[in-house]
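Here's what Swiss-Prot has on this protein:
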- 30-287: region 'Domain 1, calcium-binding' (REGION)
- 176-214: region 'Disordered' (REGION)
- 231-239: region 'Alpha-clamp' (REGION)
- 302-333: region 'Disordered' (REGION)
- 517-624: region 'Domain 3, heptamerization' (REGION)
- 1-29: signal peptide (SIGNAL)
- Arg207: site 'Alpha-clamp' (SITE)
- Leu216: site 'Alpha-clamp' (SITE)
- Phe265: site 'Alpha-clamp' (SITE)
- Phe493: site 'Alpha-clamp' (SITE)
- 331-342: transmembrane segment (TRANSMEM)
- 345-354: transmembrane segment (TRANSMEM)
Amino acid sequence: MKKRKVLIPLMALSTILVSSTGNLEVIQAEVKQENRLLNESESSSQGLLGYYFSDLNFQAPMVVTSSTTGDLSIPSSELENIPSENQYFQSAIWSGFIKVKKSDEYTFATSADNHVTMWVDDQEVINKASNSNKIRLEKGRLYQIKIQYQRENPTEKGLDFKLYWTDSQNKKEVISSDNLQLPELKQKSSNSRKKRSTSAGPTVPDRDNDGIPDSLEVEGYTVDVKNKRTFLSPWISNIHEKKGLTKYKSSPEKWSTASDPYSDFEKVTGRIDKNVSPEARHPLVAAYPIVHVDMENIILSKNEDQSTQNTDSQTRTISKNTSTSRTHTSEVHGNAEVHASFFDIGGSVSAGFSNSNSSTVAIDHSLSLAGERTWAETMGLNTADTARLNANIRYVNTGTAPIYNVLPTTSLVLGKNQTLATIKAKENQLSQILAPNNYYPSKNLAPIALNAQDDFSSTPITMNYNQFLELEKTKQLRLDTDQVYGNIATYNFENGRVRVDTGSNWSEVLPQIQETTARIIFNGKDLNLVERRIAAVNPSDPLETTKPDMTLKEALKIAFGFNEPNGNLQYQGKDITEFDFNFDQQTSQNIKNQLAELNATNIYTVLDKIKLNAKMNILIRDKRFHYDRNNIAVGADESVVKEAHREVINSSTEGLLLNIDKDIRKILSGYIVEIEDTEGLKEVINDRYDMLNISSLRQDGKTFIDFKKYNDKLPLYISNPNYKVNVYAVTKENTIINPSENGDTSTNGIKKILIFSKKGYEIG
């Protein structure tokens with residue numbers, strides 16, 4: 001009897017998996033890569049942070065910038081982003097820390113003492129017209145300094161201002177960069193240097209202490225670079241739009257508007273871990289890791305005592321390639337799923353979105369070296385035996401922030417909920433850094449072998465006989481991430497480098513991000529599902545209402561790169577109307593209410609008015625494709641598949657060379673080739689559904705359908721030039737076959753799409 005094979009569409013959910021490898025070369029190579037990534041995250045921490053105001057009372061900030069030395073001047077040539085009338089600075093505040101190379105008494109002075117008050121810690125050292133006071137500074141200590149400048153009705157644009165000091169040897173000089181350090185802008189709950197900060201005199205209106213004045217966070221600001229200095233200034237649309245600068249708004253009461261570990265100021269000025277993705281440098285896009293695993297291969301063997309294992313049994317293994325897709329399940333947690341018409345406005349409703357991070361891995365369905373025998377027959381597995389599982393995997397981070405010292409806990413699940421093993425990663429399975437869009441181990445290195453439940457490989461991952469048979473039948477495993485431990489790297493203001501905080505844990509931060517953001521999942525690029533979280537208002541939480549309103553249109557632009565050429569919202573040339581929207585029930589009710597208030601009948605026309613709220617769940621998918629319950633593309637409309645195959649570069653009796661869109665390639669299981677005679681009788685060349693994979697991708701990106709691959713390695717033989725050669729494409733949604741009891745495995749029952757049909761004399 002022929003072995004029954006079932007072609008399963010690739011289905012996968014996001015997860016993370018543990019590593020266990022003794023490959024020292026792999027470890028050493030990864031450590032070098034990790035150290036390089038971490039060391040790249042540097043910027044200067046030297047100097048003072050300055051705020052320049054157009055009014056006398058520190059209420060109208062025009063520029064926020066840092067100066068590396070005691071030369072705190074801003075020439076008018078660097079103020080082109082500010083309206084001319086606001087370039088006359090009447091007040092300024094500088095803050096930071098000062099340190100000395102030798103203990104001594106110092107006297108401070110400026111180029112405008114008559115307009116200056118200055119403190120070192122709590123001691124006043126300059127008070128406008130009065131004489132400066134000496135202060136003793138000790139080597140090795142950091143002293144907080146604050147300078148206030150006020151000058152009514154200045155006559156020149158910009159500001160010419162220098163800070164000097166004089167030691168006991170009466171040597172006066174502009175304070176150098178080695179002696180100045182930027183302030184540490186911690187959240188107000190911090191109990192570090194904030195305790196000994198001076199409260200003398202007016203302060204910058206900055207309630208959340210993120211470094212951005214409150215008025216700018218509310219009204220809008222932008223960041224530009226002039227002569228190697230970052231300038232944060234109020235948003236002026238008629239100036240900044242022409243330069244292509246980005247307008248930011250953020251909460252004046254949240255140090256991090258998106259609730260991630262990076263302040264709004266750190267994000268927009270670049271004082272941040274350089275491994276954070278570009279889109280998450282926006283204060284309203286959350287920076288956080290999403291860690292999955294890609295399983296590349298699975299090896300199954302009989303679980304035997306090594307001391308009694310004979311030579312023959314050592315070769316009785318099953319090795320299969322696997323594939324993993326990252327998915328988000330739309331479901332109600334009662335095994336039911338609802339997809340209802342959303343009032344014909346361009347959306348649909350799912351009963352719920354799964355929040356679990358898991359991955360379903362599809363095992364290759366092609367013929368094994370053992371021929372037609374079952375897996376159990378190949379391995380000599382009997383009902384009383386158990387089988388060992390060895391998986392080859394890689395970690396991958398599809399989020400927007402790096403995670404350090406990664407230690408996950410993962411369950412391997414068969415079927416719906418048969419847990420084969422739950423494995424907690426140990427220190428020797430740790431990945432030092434997993435940056436966004438990076439793999440561990442990297443693709444040029446061997447994958448990790450996962451084959452044991454403990455540190456000493458004494459407890460293998462096993463399956464009983466019935467579980468083994470189920471795995472062969474379904475050819476699927478699910479990997480659930482129960483939890484993941486990993487550290488955060490933050491900017492160190494003392495040395496300008498990123499430092500991994502070993503006391504931090506992403507698992508403590510992620511719940512706060514999830515509670516205060518809207519989640520959007522989008523599959524626009526290569527049909528890969530990408531999740532992003534955007535800061536959004538929670539009307540029932542007073543603090544969260546201080547965030548700027550966020551529209552669905554703006555969220556798509558800042559998180560996914562949508563743009564508006566000719567006023568139409570597009571993604572990589574595709575109009576927004578080519579995508580559909582899917583909401584969970586709570587989100588759909590919110591959207592429905594907003595549409596009613598707007599008197600709108602089509603969501604696409606009011607995307608700039610639909611406001612996001614925290615905890616919304618929105619899935620946006622390419623309309624051309626069909627999806628399974630995990631939102632993986634498994635098919636497409638027939639017209640779409642045909643259109644994708646219309647560009648045949650050349651054809652012959654050896655095969656077809658085509659130029660096929662990579663999105664279409666992802667949904668194809670393969671092709672069926674047949675010869676049709678003049679009376680309409682058809683003979684399938686590859687008439688087994690495990691022989692559909694007769695195509696290959698060439699280095700130039702073109703697809704070749706090889707007629708010889710399952711035709712005894714010979715070109716097609718066409719006895720009559722008027723006979724037709726028909727080629728059909730088969731999508732993944734049409735390859736779940738239930739063979740008949742007599743073992744029939746023909747392709748007769750497969751739904752197929754005709755993509756090529758020519759007579760023999762036409763193909764040469």
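Glycine too: its Cβ is placed from the backbone N, Cα and C atoms.
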C-beta crowding around Phe265 (site 'Alpha-clamp'), within 10 angstroms:
25
What residues in the same chain, six or more past the boundaries of the region 'Alpha-clamp' (231-239), come closer than 8 Å to it by Cβ-Cβ distance?
61-65, 78, 80-83, 212, 215-216, 219-225, 247-248, 265, 268-269
What is the Cβ neighbour count of Phe493 (site 'Alpha-clamp') at a 10 Å cut-off, with all protein chains included?
20
Summary of DSSP states over the region 'Domain 3, heptamerization' (517-624), given as helix, strand and coil counts:
37 helix, 33 strand, 38 coil
What is the separation, in Å, between the Cα atoms of Arg207 (site 'Alpha-clamp') and Leu216 (site 'Alpha-clamp')?
12
Tell me whether Phe493 (site 'Alpha-clamp') sits in a helix, a strand or coil according to DSSP.
coil
Please list residues from the chain of Leu216 (site 'Alpha-clamp') whose Cβ is under 8 angstroms from its Cβ, counting only those at least six apart in sequence.
Pro61, Val64, Leu232, Pro234
Collapsed DSSP category at Arg207 (site 'Alpha-clamp'):
coil
Residue distribution over DSSP helix, strand and coil in the region 'Alpha-clamp' (231-239):
3 helix, 4 strand, 2 coil
C-alpha of Phe265 (site 'Alpha-clamp') to C-alpha of Phe493 (site 'Alpha-clamp'): distance in Å?
13
Near the Cβ of Arg207 (site 'Alpha-clamp'), how many other Cβ atoms are there if near means within 10 Å?
15
